[in-house]
Amino acid sequence: MVVKDEVLAERIAAVASEARAPSGSGARVWKDECGFSFITPEMADDGIFLNMKTLQAYSSLFVGVDHERTGSKLYMYMKWYREKEEQEDTEMTSEKKDEEPTKLAIGVEGGFSPADVIGGKGTLVKEYGFAVYPDLDAVLGYPSESASKLLPASLLEAADAIIAMEDASSQREFEAWDASEEKRPVSKFAENLEQLDNGVRISPDPKTWRCEDSGLTENLWLNLSTGYIGSGRRNWDGSGGTGAALKHFEATGRKYPLAVKLGTITADGKADVYSYDPSEDGMVEDPYLGKHLRHFGINIMDLEKTEKSMMEMEIDLNKSITLSAVLEGDEQLVDCYGPGRVGLYNLGNSCYANSVYQVLFSLSAFRERFFYSEASQAGDRRSLRDRNREKERLRMECFKRAPDEPQTDLETQLVKLAAALSDPSGNGIEALEDDNVVAVAPKMLKDCLGHGHPDFGTREQQDSREYFQFVLDRISRMERANTASYFDAGLRDPSRLFSFLVEERLECQQSGKVKYQNNVSNVLMLSVPAPPSAEAAAAAATAASDDDAKAAAGAKSAETEEAPPPLVSFEACLAASLGDSAAVEVDDYLSPATGQRGKAVQIPSMSSFPQYLAVQLKRYVLGDDWVPKKIDARVPVPRDLDFSAFRGQGLQSGEEELPDLAPDQTTGPPAAATPDEALLQQLTAMGFNENGCKRALLATGNNSAEAAMQWVLEHMGDADFNDPPSTTSAPDAGDSADAESVAMLTSMGFEEDGVKLALKECGGNMERAADWLFSHAAELSDLVAADKAGGGGGSAGEKSAAAQEAEILSENDAREGHYVLRGFISHIGKTPHGGHYLAHCNLSTDLEDDAKDDWVIFNDRKVAKSKNPPFEYGLLYVFERISS
């Protein structure tokens, strides 16, 4: 029934007092996407509706839930659609060309629009209006003559402010990415740059410029001290140069750091200048560029820009790169969108996060916890219709009890993503017109997880393994603070299914006595032995089968040459990391049995086998220059694995345990905090400063080398990192927090209990505690309550080590470790904080039969059937335990 404007306006005016205009620096409007689903104003035929009191938008599927939560009735209708662009003449084509990106930026003039990043073609047109719940079909359009004449001015002003304001999620995702506006610092070497009188003169004719190492004619850099012309470094997609300019800097003793990119120099003295000196190591400004170029016979007034700048090259890469061209060789991959096969849009360096989400939600435990999947309905004799009703009821219960701002609630956003990935059509997720891609943009989840984190809260590329563990930790924290889940308790906290115990057996060579220590972990780190020599690698490459070569061509790193990298067996990685063959000799071990220093041997093994076993191949190691370097090798990882041989047996008959204290330490004052000698030697062997390693071990309670190394990497920039650690006795877990720090943080508005928990969580570091408080503000009261109850609030309030061990062993008590590969994350690039990540997942429901394997490649928004999964190039593998 059509409602007259006058009648509709009267209904709207009756609830107009609900409208709130966003104001103030902290105001946020969530309008571009439904808070409980990924439906957008463009995707939904009936648009979405923004609550004008809470300034949060919901699709028609969830407006009822929002009304029940808030009692609001006044909603702003929003519908977007795209007008197709017709290019019938040269003039229109020219106009379109003028609109192409000129900045490496998103959401700013001259940069990529969000639509470029997240699909959509044509000009975006936005329509607005007002509606009153529950009659959402009756909409009074705005702006319109009727609205202006019949509605209160205060309502229209609120609507204008809402329309003008950027969506809260878009603000966070896109505001920081404008690389072209980043001000380049003036190089400290520019003013007094040493230039050699070696007679070098550079031809003014660009056609004669060549890389002195490779003969390349593009991406050339002129060293401003020596006159050497060398090509630049490779881009992660394989384009670029050979790195000759950098090699020249190294070969000349690192004395001549400045180089200018030939072809980017303009008459006004602008150009791309790079400083290779480690203290700068980036693009810089050279105010004396004209003078420095004249030394080599170059008059900038005679030059015009002929080469693309670094910024323009990156823009081209972002516009045209198609990763499928370098994945799985020349195979034509076939799209396979559907339930469990939904893509994730890249939000700008978010491929590392997308890969982790896809692998986790390919696991039944995660789908069951966050989306009551078919796996959790096994044996359910109810009709499909009744089961779907129950599924919907459970999800609605989650949304109904969500916090006031569900867009920032972790559980809500996990349920939202799980539902979209598992049942896209049932959640309104469809391919946009002229685009066969079925994908969603997990902006709210990524922001919710990373908010306040110094790494994962940025737009920079990150290490996927570190993010994997970070996500598991955040889910674990959430579950500990979550006193009432809408799912059965048996389905809660899937992150626990990755936990296992690593047994460290240490044998004192002086006394023959042993010590067993179990450490909790959720990723098994495997070292990759050095690949064979070049001669052996060449022989192996020649002998490789055609199938091996084909698979290698599909996934090899961008920096490799035509020949495939050398082979390293997975068995060799296991042998280098677990069992007797991985024994580490400790030379200066202080024996608590003899009180003397001598040798000890440490052997790692596994004490338990988790439901899901995450395995990382340590392909990146720190080089002599402290820069992570990639071990370029193929490691064929088998589909089926048996870890049973690597299970630790604990104290054996006839073995005698080492005492906890040395003979001269059994009496007297409390002992000073002492780092574990075996772990200390492992860390210092990696090249880290000894005092820093000691600090790391003390800060992590001598837990494990991995935990200490993570601490080192996070704190190596601290001013006191290289100072000797305090010689005072180790503080008890129950020691009170520093009174001054407590006072400072409580003055910021936090409750004292929360402040003490934060300081406990962050080892007493006040700055980190402040970050922790802000990032956990929404769940702080629950974490404090859990901590007081003994449940823990992160590492603070954790159960005792013995209690943790007993709990993990009871949950993962399988005596045999038979596993099948469920998924893996691969990486293309030279460093874990650059390049590109993607995931392969085996979506088969019958892991017992390898003939039923169903491998799918998830490359951000692209989802396709995988023909040759690159098993040998993975970085992080996830196995699922099966009964033997």
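Yeah, the Cβs are placed from backbone N, Cα and C, and that goes for glycine too.
Residues or ranges marked as domain 'UBP-type' in TrEMBL: 185-300.
Sequence-distant neighbours of CYS211 (Zn(2+) binding site) (same chain, six or more apart, CB under 8 Å from its CB) are THR217, LEU220, ILE229, GLY230, SER231, GLY241, THR242, ALA244, listed in sequence order. Taken from TrEMBL, the feature Zn(2+) binding site covers CYS211.
For the domain 'USP' (342-882), the mean pLDDT of the prediction comes to 78. What TrEMBL lists as domain 'USP' is 342-882.
Sequence-distant contacts (6 or more apart, same chain, Cβ under 8 Å) of CYS351 (active site, nucleophile) comprise GLN461, HIS836, TYR837, LEU838, ASP860. Residues or ranges marked as active site, nucleophile by TrEMBL: CYS351.
The region 'Disordered' annotation in TrEMBL covers 654-673 (among others).
Annotation comment: TrEMBL describes 674-715 (among others) as domain 'UBA'.
Among the features that TrEMBL reports, region 'Disordered' is placed at 718-737 (among others).
The annotation domain 'UBA' is assigned in TrEMBL to 736-776 (among others).
Among the features that TrEMBL reports, active site, proton acceptor is placed at HIS836. Under DSSP, HIS836 (active site, proton acceptor) is assigned to a strand (E or B) in the three-state scheme.
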Fill in the blank from the handout: CB neighbours within 10 A of HIS836 (active site, proton acceptor), counting all protein chains shown, number 23
Completion exercise
For the domain 'UBP-type' (185-300), the DSSP helix/strand/coil residue counts are 18 helix, 19 strand, 79 coil
